[in-house]
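According to TrEMBL, the feature O2 binding site maps to T70, N262. If you look up TrEMBL, you'll see T70, D71, F172, R189, Q238, N262 marked as 5-hydroxyisourate binding site. Annotated urate binding site per TrEMBL: T70, D71, F172, R189, Q238, N262, in sequence order.
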Amino acid sequence: MTEIPRHYHNTITNNNNGLDFAYGKNVIKFLRIRREDKKHYIKEVEACVHLRLNSANEYLHGDNSAVIPTDTMKNIVYAVAKCKGIETIEQFALDICNHFLSSYCHVMFVKAYIQEVPWQRLEKNGVPHVHSFVCVPEGIRFCEAEQCQNGCPLVISGIKELKLKKTTQSGFQGFHKDKYTTIPERTDRVLSAELFCKWFYGKGQDLDFDCIWDTVHECVLEAFSGPPDCGEYSPSHQKTVNNIQMLILARIPQEIEVTLNNIYYDVTDLKKLGLTNDKEVWEFSKYLNAWGHLKR
C-alpha cells in the first residue's frame, strides 16, 4: 500500500472564517470476509477518516470534551464494515461519513479515504476457487467521500500505481530545441509509464461504482495500447494522456484527471562488450511526467 495523502493528518488551515481545525485517524487496515456457504468474498482495505468538529476547544483551550478519540474512529470503521459490508469502497466511504454525521451532532464535516488491495479469485482450468485469492496489481483502486452536516456527499474515485508498457509504436520528434536541449529525437522508443487517474462524481447520483471503475480501467488500457494486432502510434506522452482522457469522457462523462509518470529507457551501449544491440536491451534512465485535466 502507498503512503496516505498528507491531508489526512491533523490540520490547521486558513479559510474565510479564520482558522479551520481538523484531525483524523490514518492507516486503518483490515480484511472483510463475506461467506456464502463454501464460497468466500473478500475486501482488504486501508481507510483514513478526517473530522471537523463544531468547535476547536481541544486545540485552543485543551478541552477534550468534544473530541472523538482516534481509537473510537478506528472501531467505528470496523463496525461499519461488519454491519454494512463493503459492496464497493465508494459506498463504504459514504457509509462511514453517514455514520459520523448521524451519530454525532457536533461533527460538522467528514472525509473518508479508502484504498483497496487488488485481490483476484484464483482459477484452475477455468474453475474459480471458492476461498483462495491472488494479488494482481493492475492498479490500486481508491476513493474519497466527503460530506457536511445537512449537505450532499461528494465522491471521487481513482486508479493509481497502474504500470503500463509498450515496446514500440511510440516516438518523440519535432519538439522545441535550444542550447538547453539534450534529448535526441526518437521515432521508435519504449513507452513505459505509471498511471494515476481520478474522476469526480456529481451530487446525488445513483451510480454503479464497480461498472464505472471497470470502464475507466478498460479505457486506460485500450487508449494506451491501441488495437491488439497492431497497436497505435503515440507521438508524445501528452497525446497519450489526452487519448486516455477523451476515451473515458466518450463513455463516462465525468470530470477526469490523468497523470502519466514516464519511466524513461535508453538503448544500452553494448559496443564496449563487443556486442551489437538492435533495440534488444534497454536501461532505465529517468522519470518524467505528463499531466492532463479535462471535464465535461
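Glycine too: its Cβ is placed from the backbone N, Cα and C atoms.
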Return the count of C-beta atoms lying within 10 angstroms of the C-beta of Q238 (5-hydroxyisourate binding site), excluding that atom itself.
14
Suppose we draw a 10 Å sphere around the Cβ of N262 (O2 binding site). How many other Cβ atoms does it contain, all chains included?
17
Could you measure between D71 (5-hydroxyisourate binding site) and N262 (O2 binding site) for me? Cα positions, answer in whole angstrom.
40
Considering Cα atoms only, can you say which of F172, R189, Q238 is the nearest neighbour of T70 (O2 binding site) among these binding-site residues?
Q238
Between N262 (O2 binding site) and R189 (5-hydroxyisourate binding site), how many Å separate their Cα atoms?
12
Just counting, how many other CB atoms are there within 10 A of the CB of D71 (5-hydroxyisourate binding site)?
9
Record lists T70, D71, F172, R189, Q238, N262 as binding 5-hydroxyisourate; longest Cα-Cα distance in Å?
52
So if I measure Cβ to Cβ from F172 (5-hydroxyisourate binding site) and keep only same-chain residues at least 6 apart in sequence, which ones fall under 8 Å?
I183, E185, R186, R189, P235, S236, H237
Go through T70, R189, our binding-site residues, and report the one whose Cβ sees the most other Cβ atoms within 10 Å.
R189
